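Participant: One structure, as structure tokens, below. Some questions next.
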Amino acid sequence: MKRPSFSLSRANVLRLGVVAIAVLFLAVIGLSSMSLRTARVDLTEDRIYTLTPGTQSIVDGLGRPLTLTLYFSDHATRELPQLRSYEQRVQEMLREIAVRAHGRIRFRVIDPVPYSDDEDAAESYGLTPAAGGSNGERVFFGLVGTTGAPDTPVSQSIPFFDPAREAFVEYDIAKLLYELAAPRKPKVGVLSSLPVTGNMVIGEQPWTVMRQLEQLADVTNLAPEGLTHIDPSMNALLLIHPKKLPEDAQYAIDQYVLHGGHLVVFVDPDAEMDTSPLIDSNGTVDDHDSDIRRLFEAWGIVYDPTKVVLDRSQALTIDLNGNTVPHPAMLGLSAQDLNHDDVVTASLQRINVSTAGFFELAPETKARMLPLVQTSDEAMVVPAQGVRDAAGDPSTLLASYEPSHDRFVLAARVRDTFHSAFPERKDAGHLGVAAAPGEVIVVADTDLLTDRLWIDVQPLLGQQQLTPFANNGDLIANIVDNLGGSTALLSIRGRANLQRPFTRVRALQAAADRKFLVKKGELENELYDAQRRLAELQPTKGASTPTTLSAQQRREVEQYLQRKLAIGKELRDVQHQLNAEIDALGLRLKFINIILVPALVAILGLIFGWRRTHRVRREM
Amino acid sequence: MSAVSAIARRELRAYFVTPVAYVFMVIFLVMAGVLTFYTGDFYDRGLADLQPFFDMHPWLYLVLVPAVTMSMWAEERSSGTLELLFSLPVSISQAVLGKFLAAWGFIGICLMLTFPLWITVNYLGEPDNGVVMAGYIGSWLMAGAFLAIGACMSTATRSQVIAFVLTSSLCFVLILIGQPQVLDFFQDSLPPKLIGAMGQLSIVRHANAIARGVLDLRDLIYFGAMIVAWLGAAVLVLDLKRTR
């Protein structure tokens, strides 16, 4: 029998080896992509691809299985690279969450192509498509979470992942998970001395804020009299306009906060909806202000109920006897006055307040204050009585206006490991110091809760049509949403803004813009002067026609038109010159990176080559 | 292991003996700069990151890596020095690994010479330097995968030109395979699972995943497997040639 030669079989073995390598390679890639999903090192500065402990604890606490479905219009977003890269981040985060959940979360991605069942399903879950996809297609980019039995599923959704909320994407997803896992509404208590719930006897409706709150949470109204204990299972407590609160009620609030309760306090130096008489039958003067001095002192908060903040640059105009006048105590605070790094105020555009006070931190406190709403730096502080006196003509407040160049904090989070304001009490369960760091939200205005500052109510077909013109209602909803969730949810903060612009170029651009505006102003003044001279030369209005112009007038008109053209050109030149600085920087950087460095490498190569040749020649 | 490092050091030194290395580096730096600033619009887009720079690397390597590897083994075979190498007390795998590490080190030096761009982006804004670092790691790993393919192709042919063309073609396939246009093209004719698997083979997808700032074990395994597989194939091909 002829045996095959060794070399032939070895060659075949080697060929087989190449095939085996290919198979093994594919198997390794396939297996690793299917099974390995947790081992990773996040090199980003803000650890944006790493779940925060808050999200992890929410995921770990999931009691029942749920499904997360990401609807993303893959085809329609081919020309939207920024949205696609954001989607990649969202998907990564969802995958990470699914892996963390150890099988309790099923994650899938669906591309809802137009006219498909998937598209119908996405819309039925309340996802809102955006316009602007390729070929005019609608872009779906939302998340649906479902849980429960197939016949009675519970679902929650994020209608659209807005890139403007990129810093809060983890918070939004964790909130969805939390709400799916605990579908009960949060319990919220309200302790108010203002008629927030209306008066059914005289047909007064509850304030819109309260009606909105009823939809968001299980609301319990508390009375200050006889209040000695606040149920710690209450997710949040809203304290509105606290006036002369009994000590027991204050102690109950104190202990609620120390036991980890979430408190929101609305105080006001001048609550315009306070219906109590200014001077009561006993002759006691009531300035319609509110305060919880003892508690504020214990928490390190400084607040003066006799002071109101004015801000002429943010003043709202009011109608006074048919005239519109600015009211420097009624403020329309825009996006730049709201904290964009806080989940509560990040996406709000406008908050209106009226006769608001302000907060500061006591010098010796360890508490931290995170402003939510601030004035501009043109604000000043005046006595509340002065504002009340100027009610007839608020513009008189501007007569002696002196901006303080400080930004006053109108609403803030205050964080600390709080100490009790009642260290002397020894009630059962008394805490002298909170076991863990906590926070309270303080707002120095109660009028922002009233309809007149944020909502237009129009009757429409027997129904009330509500049209908000400010985000006051959203602010309260966000606060309750934020505080009503778990502590883990509260700990998930927005990450730093991910967009990192060229700060140096922006600074150059801003300086150029400023220079341009100054120059533009100068030239426009010059043009205005020329125009005025021209007008002075015209004897009577309507009498001058081109044919009746004197020689001097014609010369002036000619000069004016020429100057106008010249100024237009000058402005273009100025703009060009200012941009030249930015262009020159770009050119310098291009030169360094494209020419200088390679040239240095080439020179280095030549030197080495020359030395080498020289050495070889010498050795020969 | 000392044999491997000895070969690697000798080969790396050999790169810098001839002017070819300097010419290569100059071309690499000029092309990287031009592509970043002009094609990638680095300055005008105004964002402090190096994404336009790293986005261009697959295309840069597509031309430059085969140029480095084409002579790696093909020249040894055509000039007859391969037999001499086999007679030395080094195994084929040591020789393959040594030459590969030298080439990888050389590309690493080229990458390091782009540091002025890193300084530039830090001068212009406040970039996330962790992400920039990850971008460099991803790029270097991609270069390693391309070099391993080039090494294998260089063992398969005597002609440097053919080695160049084969390497470029294979790298081109690996770049294209994950592109949405290509996946779309196969959308109707292939089952979705196969399309997903095709995406997993895409070298750009894995490099981009790292360039976002995350070193994921899956991506590292992909590049590791790629390098090991192609170098393993190169060893087998060389062994096969010797057997003949």
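Sequential numbering from 1, following the chain as shown.
Quick reminder: no glycine exception, Cβ is built from N, Cα and C everywhere.
Annotations in TrEMBL come from automatic prediction, not curation.
Found this in TrEMBL, in case it helps:
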type: DOMAIN; residues: B:62-192; note: domain 'ABC-2 type transporter transmembrane'
type: TRANSMEM; residues: B:12-38; note: transmembrane segment
type: TRANSMEM; residues: B:58-75; note: transmembrane segment
type: TRANSMEM; residues: B:96-119; note: transmembrane segment
type: TRANSMEM; residues: B:131-149; note: transmembrane segment
type: TRANSMEM; residues: B:161-182; note: transmembrane segment
type: TRANSMEM; residues: B:220-240; note: transmembrane segment
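Just tell me what is around each of these and how deep it sits.
Facilitator: Under DSSP, the residues of the domain 'ABC-2 type transporter transmembrane' (B:62-192) split into helix, strand and coil as follows: 105 helix, 0 strand, 26 coil.
Here the transmembrane segment (B:12-38) has long-range neighbours at 50, 52-53, 56-57, 59-60, 64, 67-68, 102, 105-106, 109-110, 113-114, 117, meaning same-chain residues at least 6 beyond its ends whose C-beta is under 8 angstroms from one of its own.
Here the transmembrane segment (B:58-75) has Cβ contacts under 8 Å with residues 24, 27-28, 31-32, 35, 81-82, 99, 103, 106-107, 142-143, 146-147, 149-151, 153-155, 157-165, 167-168, 171-172, 175, 203-204, 207, 234, 238 of the same chain, all six or more residues outside its ends.
For the transmembrane segment (B:96-119), the list of distant contacts is 3-12, 14-15, 21, 24-25, 28-29, 32-33, 36, 50, 53, 65, 68-69, 72-73, 90, 132, 136, 139-140, 143-144, 147-148, 150-151, 155, 227, 231, 234-235, 238: same-chain residues at least six beyond its ends, Cβ to Cβ under 8 Å.
When Cβ-Cβ distances below 8 Å are used as the criterion, the transmembrane segment (B:220-240) is approached by residues 73, 82, 92-93, 95-97, 100, 141-142, 144-145, 147-149, 151-152, 154-156, 200, 203, 206 of the same chain, each at least six residues removed from its ends.
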Participant: What residues in the same chain, six or more past the boundaries of the transmembrane segment (B:131-149), come closer than 8 Å to it by Cβ-Cβ distance?
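Facilitator: Residues packing against the transmembrane segment (B:131-149) from afar: 49-51, 53-54, 57-58, 61-62, 65-66, 68-69, 100, 103-104, 107-108, 111, 118, 121, 167, 170-171, 174, 203, 206-215, 219-220, 223, 226-231, 234.
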